[in-house]
Amino acid sequence: MSERIFITGIGTGVGKTVTAACITEALKADYWKPVQTGLLEGADTDTIKELLSNDVSVCHPELWKLELPASPHLAAREEQVKIEPGAIISRAADLQPVGRRLVIEGAGGLMVPLNDDYFTADLIRELGAKAIVVAQNYLGSINHALLTAGMLRRLGIHVLGWVFTGDYHSNEDDVVKWSGYPKIGRIPRAQHVDKSFVQQQAQLLSANLHSLLA
Ligand SMILES: Nc1ncnc2c1ncn2[C@@H]1O[C@H](COP(=O)(O)OP(=O)(O)OP(=O)(O)O)[C@@H](O)[C@H]1O
Ligand SMILES: C[C@H](N)[C@H](N)CCCCCC(=O)O
Ligand SMILES: [Mg+2]
């Protein structure tokens, strides 16, 4: 099976999509957000298409696009549909020609439910994906990051490392020390998140990414 890299985070709004754009660009991988909730603010897949500049990456369509800006299990219930993890697993196989890496972005953080008895963490494990955890630097992020790391370790999920977002904060060093997972890099806040910003950040992340994937 070709490599699957799942972008999860210590919460929602922490910078997973911008990070996914940088990683997809650095690896010239394909991108997929199987479940999108909250369409008013724009779908992540459309953001990724605007931020990529390489002509190799393919952005695959979502399996579920749900209106409500909420947890997938709630947004699905609102529309009287049920998110079926089996459909995600089987579609993932169709999306990945041999040799192509697939960057998959979750909705929100690791323990976000996709339905009433299945979590994002279960999906990462069933996909056999390697996880990259996006951790925004803020007061409280040590706790959120180490809770996420603890759950990933307990589930035996292969973690490639952390991408921190925002200005430097010593929390990064403590999270790396106490989690035992490496720092892949940090994406600073930008005046404008555009193609050139993503290209620049992709270059900065590339060496660590490739060495961790070797
Ligand atoms: N490096 C950055 N510089 C400036 N703004 C950023 C940066 N990274 C993210 N943002 C902005 O912060 C907001 C949240 O970021 P983003 O959409 O990447 O979060 P997310 O973790 O993907 O959220 P979701 O759980 O909804 O997928 C967006 O408006 C995004 O444009
Ligand atoms: C709507 C938002 N932008 C995300 N797509 C979904 C975030 C789900 C968070 C669920 C939770 O942890 O409470
Ligand atoms: Mg996102």
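Note: Cβ is positioned from N, Cα and C throughout, glycine not excepted.
Among the candidates Glu105, Glu126, Glu172, the residue that TrEMBL annotates alongside Thr17, Asp44 as binding Mg(2+) is Glu105. Per-site Cβ counts within 10 Å over the binding-site residues Gly13, Gly15, Gly106, Gly108 peak at Gly106. With the fewest other Cβ atoms inside 10 Å of its Cβ, the least crowded of the binding-site residues Asp44, Glu105 in this structure is Asp44.
Among the binding-site residues Thr17, Thr37, Asp44, Gly106, Gly108, the residues whose Cβ sits under 6 Å from any atom of ligand 3 are Thr17, Asp44. Per the record's binding annotation for ATP, residues Gly13, Val14, Gly15, Lys16, Thr17, Val18, Asp44, Glu105, Gly106, Ala107, Gly108 show a top Cα-Cα distance of 13 Å. DSSP assigns Glu105 (Mg(2+) binding site) to a strand segment in the three-state reduction. Within 8 Å of the Cβ centroid of the Mg(2+) site, not counting the listed residues Thr17, Asp44, Glu105, the chain contributes Ile7, Lys16, Ala20, Ala21, Tyr31, Lys33, Thr45, Thr47, Ile48.
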